[in-house]
Ligand code: GLN
C-alpha cells in the first residue's frame, strides 16, 4: 500500500481555497511574489518529510528566522545573559511596534522586530559582528534545516531600501545602550538573516528539530541543547503569532512562527514539525491560508499542545509472580513505552506493593522505548529501595535505558 498521509495533505490544501488579505507590499521584491502559491510539509521525529502543493518553491524565511536566531543566541551566550537583554512577555502589539518593557527597558520578546534585531546582536561569541556573525547565523539555520541555505540578495537589497522602521528600532535600542554597534550595519545583517531562502520542506525539518529537543531528526545532528529548544518553543507559543498569539494557542495549539513572505512554521514538541506557505497575509501579518491549513491539521490530527495523550498510564504491561522451571519464584514487572514522571510514579507504586518477604524482583525494560532523566532517577531509586529492603533485583535492560550516556556539551545553555 501507499501511506495515505500525502493524500491527506493534498486534500487539506484542496479544502483551503478561500484566500484573503494581501501579499506584503512594503518591500517591492516581496510584492512581486505569486500570491496563489500554496504548500504544506510535515516532518516526523524519525526524520520522514511529507509534502504537497508548491513544495519546491523557495521564499525568504523572514520572521521565521527569529526563533532560530534566538536559539543560537541562547546556545552561544546562555539563558541568563540573553534574558537580561530581551524579555519573554507577549507584546500584544504588531510585529514592528516601537515598544520597550516599562521598568526594564528591554524589548518585550525576541519575536517582534525590536527584540529580533537585538537578539541578532547576541549570536556568536561576544565581539563577533557583521559578516562573521551572519555566517554563524546562516550555518546555524542550515543545521536546523539539514541543508545549506543561501541568501536572496535581491530581497535583501529591496528590503534595505525601505527599512526605515527597522532602522528606527535599531537606533532606539542603540540609544539605550542595549546594543553597542552601528544600527545601519545591524539592520543590514538582521535583514540578511530574514532573506535566507527556504521551501516548506525546510521549514518542516527546522520545526521538527525544535520539536525533537534540538536534534535534527534527518541528519541526527544536535543543533542546540534540549533546554534551549524548550525555551524557544515556549516563546513561540506565547509570542510567535504576534497580536494573534492568544487565539492561535487556544485554537491551533502548536507553537509557531510566521513570516511576511507567507511562511508559517509550527513545532509540536515530541510530535511533529510543520511548514506552510501561501503569500497573502491577514491583518496580523500571518499567511491567511497558512493559518487555515494549520487549523485543519490541528483539528483533524489532534495536534494540540493541550490535548496530548496521557503518557504514563500504559507503562506497566504485566506485573506479578512468575515461576521458573527450577521451582524458583520471582516478582516480575514488564514495562513498555516511554517512561517520564507519570510512568515512573506508576512503576514505583507497583514496586511499593511487593511484600517484605525477600522475593527476587525482575524489572524488564526490553519494551521500553525511552526514559527521560526523571523517569530514570525514579526507576533507579525504586531499585535502590528494593535492595535496601533485602530483595535481589535484576534489571533486564538490553538498550541500556538506565545508563546515562555522555552526549557531549554543545554550549553553556544545555
Ligand atoms: N524582514 C521583515 C522585517 O523585519 C520580517 C518581518 C516579518 O516577517 N514579519 O520587517
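Placement of Cβ uses the backbone N, Cα and C atoms for every residue, glycine included.
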In TrEMBL, the substrate site includes 63, 113, 159, 166, 242, 260. Which of 8, 190 does it also list there?
190
From the binding-site residues listed here (166, 190, 242), select those whose CB sits under 6 A from an atom of ligand 1.
166
Over the domain 'STAS' (335-396) the mean pLDDT stands at 94
Within the chain of residue 166 (substrate binding site), which residues six or more apart in sequence place their C-beta under 8 angstroms from its C-beta?
96, 113, 117, 187, 190, 191
Minimal Cβ count within 10 Å, across the binding-site residues 63, 113, points to 113
Across all the protein chains here, work out how many other Cβ atoms are within 10 Å of the Cβ of residue 260 (substrate binding site).
23
